[in-house]
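According to TrEMBL, the feature transmembrane segment maps to 12-33, 60-78, 90-109, 115-133, 171-192, 198-216.
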Amino acid sequence: MADKLILPQNTRLMGVFLGFVGGSLDVFCHIQYHSLVATQTGNILLLISDWHDPNVINTMLRFCSIIFFSLGFLFALHMKEYRKTAYWRVKMLLPLFIGTLILPFFSRFPLLEVPFIAFGTGMMMLTFTGSLIEDHPYVIFMTSGNYRKMLTALYRIARREGNIQEYRRQALNYGIVVGSFIVGAISLAVLMHFLHEWSIWIISLNLFLIMSYYIARVKQLDLQDENI
């Protein structure tokens, strides 16, 4: 990997930022709205398991999340077809970034907030579909697969099977993603006790760092017209 160019979206630092957002976003929405915006299979399970829930708002929020996440994903898929520079990834993050910034000022309107966040999350999911950390594929919002790959690499290391150096790098990369996901989830849960809805700004901060880092690396490596 030392001689191979690692694209800005595939670096370990980007993996840290994305993992943090992945862990913190659903924790915030679950605590604040009893709904999820990134793990839509989780929403489906909640709808089925809580179908006796007398709180109709919870059901409506979960349906809204599924619908608007899907719309955001499809919208981003359409917009991706018209990308011309490497900066299209930054543009795709702007709705979620703006949404998390202004959300605390509209915290009494969950039926407005959840669709907006879910739409932006769908766009972000499409933007980083097929994500790599160095050359290892991972998923930014659902970390169970990343965790299994980390455990598999650790098992190979313990058994001294195959290319040990490669398995160590693989275990480290997936460990970075899983660790960042967990740290993001815990950090958001702790902040919610003190800052309540304002804690979402830690997600805004990470999105800002993602965009800033990506822009800086694209310019540094002169990838404006190549990393598309």
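A Cβ is built for glycine as well, from the same backbone N, Cα and C atoms used for every other residue.
Between the transmembrane segment (12-33) and the transmembrane segment (90-109), fewer than three CB pairs separated by 6 or more residues in sequence fall under 8 Å, so the two stretches do not touch. Outside the transmembrane segment (90-109) by six or more residues, the chain places 72, 76, 79-80, 116-117, 119-121, 123-124, 126-127, 196-198, 200-201, 203-204, 207-208, 210-211, 214-215 with a CB less than 8 A from a CB of the stretch.
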